[in-house]
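Chemist: The structure that follows is given in the form of structure tokens.
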Amino acid sequence: MDRPVIVALDLDNEEQLNKILSKLGDPHDVFVKVGMELFYNAGIDVIKKLTQQGYKIFLDLKMHDIPNTVYNGAKALAKLGITFTTVHALGGSQMIKSAKDGLIAGTPAGHSVPKLLAVTELTSISDDVLRNEQNCRLPMAEQVLSLAKMAKHSGADGVICSPLEVKKLHENIGDDFLYVTPGIRPAGNAKDDQSRVATPKMAKEWGSSAIVVGRPITLASDPKAAYEAIKKEFN
């Protein structure tokens, strides 16, 4: 089975959203990521519309709060028919457990429980920021591994991490875990605000379960062609 290429819809209004989606083809063949920018501007109705149209949705809100609040937030999100959602691993094991419990409690009967992905270190975080601003003395790869192990032990279904860390995670955690990787840039594309990036081919070779790609698709002159090319390279 093909591993998904998830289109990051980092847009701020439904007009932009509809314009991009109209160029990507059959909704049943498209997996999209809705993050804070679109969700906070367009609201919960945009998720309902997308699911009704047949899109698979990764709702990326990166919950990070006390366990009870995250439980109730996850419980509400589970009612929306989404496929993936996220928490920050730095919120700790009890918060992750509460998020998973909330997703289970909120999922309607007969529906699949959304997969819970824990964000390790954002792909915009460099080694210098990790060391000098987060005051973490571990190398980036070791920090990500530590957070990923804790997330799996706490009930997460996978992690969000840079493709640069995936091979090490496979070796130390195993293959029964999702490794979803943003920071994907086809050869020749600008890094933009990402620090730890890789091409779709590299992500494939290192073992990413799914990749998240935004601007190289949404800003392309032909978004569908760009999407199909990236899917071909990744699979």
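The backbone N, Cα and C atoms fix where each Cβ goes, and this holds for glycine too.
Pasting the relevant annotations from Swiss-Prot:
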ACT_SITE  Lys62  active site, proton donor
BINDING   Asp10, Lys33, 60-69, Thr123, Arg185, Gln194, 214-215  substrate binding site
Chemist: Take the C-alpha atoms of Gly214 (substrate binding site) and the residue listed as 'active site, proton donor' and report the distance between them in angstrom, rounded.
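Modeler: Spelling it out, the Cα of Gly214 (substrate binding site) and the Cα of the residue listed as 'active site, proton donor' are 17 Å apart.
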Chemist: On the three-state reduction of DSSP, what should I expect for His64 (substrate binding site)?
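Modeler: Looking at the DSSP assignment, His64 (substrate binding site) belongs to neither helix nor strand, so coil.
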Chemist: May I ask you to report the DSSP-based helix, strand or coil state of Gly214 (substrate binding site)?
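Modeler: Reduced to three states, the DSSP call for Gly214 (substrate binding site) is coil.
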Chemist: If one looks at the chain holding His64 (substrate binding site), which residues at least 6 apart in sequence have a CB under 8 angstroms from its CB?
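Modeler: Once residues fewer than 6 apart are set aside, His64 (substrate binding site) is near Val70, Val87, His88, Leu90, Gly91, Met95.
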Chemist: For Leu61 (substrate binding site), write down the residues of its own chain that are at least 6 apart in sequence and whose Cβ falls under 8 Å from its Cβ; none is a fine answer.
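Modeler: In sequence order, Gly35, Met36, Phe39, Gly73, Leu77, Thr85, Thr86 meet the Cβ cut-off.
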Chemist: Hey, how far is Lys62 (active site, proton donor) from Asp10 (substrate binding site), Cα to Cα, in Å?
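Modeler: Taking the Cα atoms only, Lys62 (active site, proton donor) lies 14 Å from Asp10 (substrate binding site).
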Chemist: Give me the count of other Cβ atoms within 10 A of the Cβ belonging to Gly214 (substrate binding site).
Modeler: 20
